[in-house]
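These notes are about the structure you will find just below.
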Amino acid sequence: MRMGESRDSTGAGARLRRLRVERGLSLGEMSRLTHYSKGYLSKIETDDKALTPGVARRCDEVLETGGELADLVASAADECPYVGLSAYEQAHARWFFGRERAVSMLVARLAERSAARANGRSAGHGPIVVVAPSGAGKSSLLRAGLLPAVRRGALPAPESRTWPVTVFTPGEHPAAELSAQVGALAGLDVPSLSATLAEDPGLFAARVRTALHEWGRPGEAQGHGRRLLLVADQFEEIFTLCRDPGERHAFLAALHALTRPPHSTALVVLGLRADFYCRCLSHPELVESLRDGQFPLGPMTRAELLDVINGPARAAGLRLEPGLAELLLRDMGVFPTGDRTDNAAGVSYEPGALPLLSHALLTTWQRRSGDTLTVEGYQLTDGIVGAVASSAERVFTRLAPAHQEIARLMLLRMVCVGEDDTETGRPVSICDLPPSHFPPPATGEVVEAFTHARLLTVSADHLRLSHEALLWAWPRLREWIRADRAGLRTHRTLSEAALSWEREDRDPSLLYRGTRLQATVEWAGTGTGVLSGSEHAFLDAGLAAWAAEEEAARRRARRRRLLAGALAGLLAMSGAATAFAVLAQRATERQRGLASSQRAESLSRGLAARSVLVTGDPAAAARLATTAWRLAPTGEAHASMAMLLGRPDRAVMSGLSSTLAFSSDSRVLMGAGKDGTLRLWDTARHQALGESRAGRGPLSAAAFSPDGRLLAGAGPEGAVRVWEVAARVPVAATLGGHTGVVRALAFGPDGRVLATASKSSVRLWDVATLRPVGELAGGRAVPIAHVVFSGDGNTVAAVGASAVRVWDVAARRPLGGTLRHEGGAPSAAAFSPDGRVLAVAAKDSVRLWDVAEGRALGSPLAGYNGVVRSLAFSPDGGTLATADDASVRLWDVAARRPLGWAYTGHTDWLTSVVFSPDGRMLASAASDGTVRLWDVTAHGPAGTILRGHKGWVYSAVFGPDGRTLASGASDKTVRLWDVAGRRPLGPPLTGHRGSVASVAVSSDGRTLASGSVDKTVRLWDLTDRRPLGRPLTGHRGAVFPVAFSPDGRTLASGDATGEMRMWDIAGRRAVGAPLKLGNGPVASVAYSPDGRTLAAGTADGTIHLWDAATLRPLGAPLPAHHGMVFTVVFSPDSRTLAGAGQDGTVRLWDVRRRTPLGDPLTGHHGMVFAVAFSPDGRFLASGAVDGTVRLWETAGGRSVGAPLTSPHGPVFTVAFSPDGHTLVSGSGDGDVRLRRTALPDDLFTALCAVAGRSLTPEEWRRQAPGAAYRPVCP
């Protein structure tokens, strides 16, 4: 039985059976008369198959009903079988297709849970967590798939089809919602049950269990087999909406108690958005569920997607015009097998595409022709993504202007921008819409318009977005959010504060004060947000309290002035008036100097702020930042210099060029224009070195030799000339032989061979003699637009109008067939340096080809804004640069994914892009007449990626010589890496039976230690990469941190039970009894470099310190963080201790005084997992759940440069190399990243090189009015 065909609720099957029986016909007779099989008709009568219009008409004819069945089917066809952005509910089960396999697997997991309880097993309890990205179909799977399946008896447990079942969302008060849902199912008093849950979650579960065994429906037997089935959908709301940690904890504890012995009252299924996975890891109850009960919901196969499209239409008696289903899949990026993607096991499409597909089908149904969904109707919706935007825009533009403003304010109230910048939807209480801004009649009309289009969902007292896909699929809403992102975050924080204030009976201590109050009041005064009555009252109370405090301060100041006057009188009477006058004069001079200093600091801050806002002109930005630093060395000026040096753009140079090349030493950049002009630039000083003409007329093609000595240019009528770049003179006579225009030129990698292409042939020339040495011809006559050599010179690729042909240069014959790019006519090509990979661009995508096998490597690289006209591989082959309409993008070749953000600044389409031979620079030329120089080693790109781990990388550490790197991951392995070669050192070290949580290397570099959740510590000999004896055992829980003492003789390790153990490395045995640090995990341990102090960070937010020699505690634990201390580390001089915490901060402590140093370092969005000092102690690096690495100045706590992004997961570990020039990070995507961190010691000098000059006097007067002019950069 198919999922979507499980029931036909139109009643047509029962009507058919009644009409047949009334006429005295058996199923066999009916089959013979209608020519439909007996089994098919039987399934229609039992509602297991839908009665289609054709079958209905034939049955009406046989039964002579006058069209009764056809009319019934026709009326049912008026009900749309697609729900748009909304989730499929239980009532939509008959329309729900495509997830049969997932439902069966989920039911099987539930059956395992049920059997574990029935058999009294201790394992196999706890919730099942369905994890998937937003838009993957979790809610529909749970509501329209799982629950109907259980009701049908799919769960193999006694009477399971009659078990009490509920599905709910946690909301702002998850504990209260759970009590209400369970109380209604078990027949218990909800207020009493809610109080029990808050006080004792275990007693709550016991009460529910007792009631469940006693309660039953009339006629049902009581018994102990009955269980609750609780489905908590949108489980992430415990983080996004619930702001009370106590209630969140009680809710989780209650779910835990309901599912585990001795109660085992319920089977619980949670639906969790994947980007909240890491948030769950900070709750022990959820960690176990994610480990044992995780149910990842992956993408659908192509066949399943076709079922999603065709199944509901079939069940509703509709049909799809031929080609519509394939068109829908193509617009999703899903192609037939053999066309673009191999879909044998699954397909690749954007995670949020399913609700967009459903909405496109809904809007196509609205434009149907009779009972047919047409291609034309779909095209009118603007496609998969455009359908949502078109629907929303159509509803919005049809509203009156006043109604549009209501819609804007109302929709923004339904958006929650979290501390980690994550955007989610949130329900809005209708009662919280202030009538002053939301007049009932007009607001009702707006709500009706959006709900009719299925863009909003309305419950009894709440409004919410039908799906969060609307947040990014509708450009207008996206722009509203972008324009007021900070305001939305301020409003969310204000709402939470006002709610807490009301909940605590308006406790004055909870009111905003100082700058926070001032900033919030200023935001409220802008009118961008609309406050509820409670929020207004909260701010008014804060202002009143602030006014009272100010008045009290004024009274105190008045008393001080009176006292000072009395003192002055006393001085005059004692003859001290002269001394007083001198003191007053000095004070005036100090005030004047202070005013001048403050004015300079103000100008400095203003210039610094303006400098980072300058885009497209790095020299102009650098001139502002360096001037700011010279006016006053403010923190803002320092930060702006670091930020600008962290950007990749280095220079903008004038000159229209169609092709670029670097000299062999990377010091000179050369450009040749179509007009025949040759230009040279100094890459260090960013200055023009001159220009000259190459020939007398325009060039149809140009190419530089690899060493930059020669330029080949093709002129009119097929003439090709070669010039010496330095002398700007032709080498010899014109090269002939082509009968048409030469469109492409290329030098071989050694510069000895030149290839020229015209029409369908490629000619080869000896550069030394300028004589022809062969011709590559054959195949269909297709004009050749580009030609390119492989790195070894053995292969040439010729790019034609519709395909690419690869040639063996020595044999003068094609290698295999032509390579065809279905994206359109090829526009550029490039070989990787080793010649194994060929990149081919066509229109707005790039495809990578395996040259030897002639096959495409994965899906095309997409996301461009126009035609890709130039490609270039980095010298090491790891990076591909692509140039489209106005930007340059860098791609990781191995992973086929982008590295950081696109390089922007050009204002017109690009003509050429090229890497410097040393791989540190990239140059791009555009038709806007500019050439831009980029530093590809700046902070922005993702750095070098070391791949090999198959899971999250929890720990990475350099060896003492900096040549070797060790990493440990959730794939249970330790890997060793050659840092210089950026490659693995042998196979991974295996032996652990659980995730490797930490690794450490001894000071002599000979021994490696690894700690694992399998409760063991292993030691490894790094010389031969073999284990040193048996694992060290004794821990009673998962081992998280390990750390060697500086002398390498002792190892410290901590575990999940709160114990820390010391190990003698030589004897490989435990030293003394374990130290008990509490009931929560020991998350981190560290020795000070001088070997005197041992530190450990724990789950309760404290840092413990001991004398390393005696293990005597050094005072009480430091109250360091709110929540888990994930990492502790000492500065190189052992004087400072840094901690990274669950509260999203990095904190510094003076070890000797045991006092905090300055304010916490903030900037990360969410938990900070790792922190490390640079070898000189001047900088700190931190990594966090937000996927970023941040650099900080240790002394001032200032952030250095822009955050370094690891775009595919949280950052769990960071470490500096011993020379401080490299930073390693390990993240949730399984990658180990190496980045250059050696910012110049003198940021000012480095930035002056970018600036090129100082501000002119006129520029100075405009930028720094009132300050005396002075040259800044030498």
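Cβ atoms are placed via backbone N, Cα and C, with glycine included.
Just so you know, TrEMBL annotations are computer predictions that nobody has curated.
The domain 'HTH cro/C1-type' annotation in TrEMBL covers 16-72.
Predicted-model confidence for the repeat 'WD' (659-691) is 84, expressed as mean pLDDT. Annotated repeat 'WD' per TrEMBL: 659-691 (among others), in sequence order.
Counting residues 6+ beyond its ends, the repeat 'WD' (692-725) has Cβ neighbours under 8 Å at 658-664, 668, 670, 672-678, 680, 731-732, 734-747, 749-751, 754, 756, 758, 767, 770 in the same chain. Residues annotated as repeat 'WD' in TrEMBL: 692-725 (among others).
Residues 700-707, 709-710, 712-714, 716-722, 781-793, 796, 798-800, 807, 809, 812 of the same chain lie 6 or more positions beyond the ends of the repeat 'WD' (735-775) yet place their CB under 8 Å from a CB of it. Positions annotated as repeat 'WD' by TrEMBL: 735-775 (among others).
What TrEMBL lists as repeat 'WD' is 861-893 (among others). With DSSP states grouped into helix (H, G, I), strand (E, B) and coil, the repeat 'WD' (861-893) comes out at 0 helix, 16 strand, 17 coil.
Beyond its flanks by at least six residues, the repeat 'WD' (903-936) meets 615-616, 648-662, 664-666, 669, 671, 679, 681, 683, 686, 866-867, 869-876, 879, 881-890 of its own chain at Cβ-Cβ distances under 8 Å. Residues annotated as repeat 'WD' in TrEMBL: 903-936 (among others).
Long-range contacts of the repeat 'WD' (946-979) within its own chain (CB-CB distance under 8 A, at least 6 residues past either end) are made by residues 894-895, 985-986, 988-990, 992-1001, 1003-1005, 1008, 1010, 1012, 1020, 1022, 1025, 1209, 1212-1219, 1222, 1224-1228, 1230-1234. Marked as repeat 'WD' by TrEMBL: 946-979 (among others).
Sequence annotations record features per position, and here TrEMBL assigns repeat 'WD' to 989-1030 (among others). For the repeat 'WD' (989-1030), DSSP puts the residue distribution at 0 helix, 20 strand, 22 coil.
Residues annotated as repeat 'WD' in TrEMBL: 1032-1073 (among others).
The repeat 'WD' annotation in TrEMBL covers 1075-1116 (among others). Residues of the repeat 'WD' (1075-1116) grouped by DSSP class, helix first, strand second and coil last, total 0 helix, 21 strand, 21 coil.
Under the heading repeat 'WD', TrEMBL lists 1118-1159 (among others). Cβ atoms under 8 Å from those of the repeat 'WD' (1118-1159) belong to residues 282, 419, 1080-1081, 1083-1090, 1092-1093, 1095-1099, 1101-1105, 1165-1173, 1175-1177, 1180, 1182, 1184, 1192, 1194, 1196-1197 of the same chain, restricted to positions at least 6 beyond its ends.
According to TrEMBL, the feature repeat 'WD' maps to 1161-1202 (among others). For the repeat 'WD' (1161-1202), the residues of the chain that approach it from at least six positions outside its boundaries are 278-279, 282, 418-421, 635, 638-639, 642-643, 645-647, 939-940, 1123-1124, 1126-1127, 1129-1133, 1136, 1138-1148, 1208-1220, 1223, 1225, 1227-1228, 1235, 1237, 1239, judged by C-beta separation under 8 angstroms.
Residues or ranges marked as repeat 'WD' by TrEMBL: 1204-1234 (among others).
Sequence annotations record features per position, and here TrEMBL assigns transmembrane segment to 562-584.
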Chain residues in Cβ proximity to the repeat 'WD' (1204-1234) (below 8 Å; excluding those fewer than six residues from its ends, i.e. six or more beyond): 278, 897, 900, 939-940, 942-958, 960-962, 965, 967, 969, 971, 975, 977, 979, 982, 1167, 1169-1176, 1179, 1181-1191
Tertiary contacts of the repeat 'WD' (1075-1116) (same chain, 6+ residues out, Cβ under 8 Å): 1037-1038, 1040-1047, 1052-1062, 1122-1130, 1132-1134, 1137, 1139, 1141-1143, 1149, 1151, 1154
Residue numbers, six or more beyond the limits of the repeat 'WD' (1032-1073), whose CB comes under 8 Å of its CB atoms: 994, 997-1004, 1007, 1009-1019, 1079-1091, 1094, 1096, 1098-1099, 1108, 1111
